[in-house]
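Below is one structure, written out as structure tokens; the observations come after it.
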């Protein structure tokens, strides 16, 4: 509300002597007030459109039933060779999404000795391969796993600990550096 002709200017000595009538607010260009008939016709129009376009078969699926052939350049879930990893953290510093953290983990299942290894949150990973390219010892490599290993229902399941990353290779007690 306000009156464009008369404004109260504090400190100017000018005071409003009477309260002006409120100025009506004009609707925006192209807008019209919502009415029951207009809203109902819009809802019916959308229901008609939805019923017309209900497919008889599923258009998409959560996972393909048959795995697609992969190209040589495909970058899948990373694998970690714990015997080569020195825990330097270059992979974590290189990651553009900060998806890699360096954590202390056992050198082998059941071992009490721990070292620093990468932990990758594949929910944030771009699979760009920078961590693999920058690893000075070649401890990280790109796997070919893409559907079974990455489709999860909860985000916490997308956290790839060093134990999960080192699916094939673990350090033997005598090989530790």
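Cβ atoms here come from the backbone N, Cα and C positions, even for glycine.
Pulled from Swiss-Prot:
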REGION    1-21  region 'Disordered'
DOMAIN    76-105  domain '4Fe-4S ferredoxin-type 1'
BINDING   85, 88, 91, 135  [4Fe-4S] cluster 1 binding site
BINDING   95, 125, 128, 131  [4Fe-4S] cluster 2 binding site
DOMAIN    116-145  domain '4Fe-4S ferredoxin-type 2'
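Mapped onto this structure are the features recorded in Swiss-Prot.
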{"residue": "85", "record": "[4Fe-4S] cluster 1 binding site", "Cβ neighbours (10 Å)": "26"}
{"residue": "88", "record": "[4Fe-4S] cluster 1 binding site", "Cβ neighbours (10 Å)": "16"}
{"residue": "91", "record": "[4Fe-4S] cluster 1 binding site", "Cβ neighbours (10 Å)": "25"}
{"residue": "95", "record": "[4Fe-4S] cluster 2 binding site", "Cβ neighbours (10 Å)": "21"}
{"residue": "125", "record": "[4Fe-4S] cluster 2 binding site", "Cβ neighbours (10 Å)": "20"}
{"residue": "128", "record": "[4Fe-4S] cluster 2 binding site", "Cβ neighbours (10 Å)": "14"}
{"residue": "131", "record": "[4Fe-4S] cluster 2 binding site", "Cβ neighbours (10 Å)": "24"}
{"residue": "135", "record": "[4Fe-4S] cluster 1 binding site", "Cβ neighbours (10 Å)": "22"}
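DSSP assignment over the domain '4Fe-4S ferredoxin-type 2' (116-145) gives 5 helix, 9 strand, 16 coil.
Nearest Cα neighbour of residue 95 ([4Fe-4S] cluster 2 binding site) among the listed binding-site residues (85, 88, 135): 135. A distance of 20 Å separates the Cα atom of residue 88 ([4Fe-4S] cluster 1 binding site) from that of residue 128 ([4Fe-4S] cluster 2 binding site).
Candidate binding-site residues: 85, 91, 135. Nearest to residue 125 ([4Fe-4S] cluster 2 binding site) by Cα distance: 91.
If you average pLDDT over the domain '4Fe-4S ferredoxin-type 2' (116-145) in this model, you get 91. Taking the centre of the Cβ atoms of 85, 88, 91, 135 as the [4Fe-4S] cluster 1 site, the nearby residues of that chain (Cβ within 8 Å, site residues left out) are 86, 87, 89, 90, 118, 131, 134, 136, 137, 139, 140. When secondary structure is read from DSSP and collapsed to three states, residue 95 ([4Fe-4S] cluster 2 binding site) falls in the coil class. When the alpha carbons of residue 135 ([4Fe-4S] cluster 1 binding site) and residue 128 ([4Fe-4S] cluster 2 binding site) are compared, the span between them is 14 angstrom. Cβ proximity to the [4Fe-4S] cluster 2 site centre (mean Cβ of 95, 125, 128, 131, cutoff 8 Å) flags the following additional same-chain residues: 91, 94, 96, 97, 99, 100, 120, 126, 127, 129, 130.
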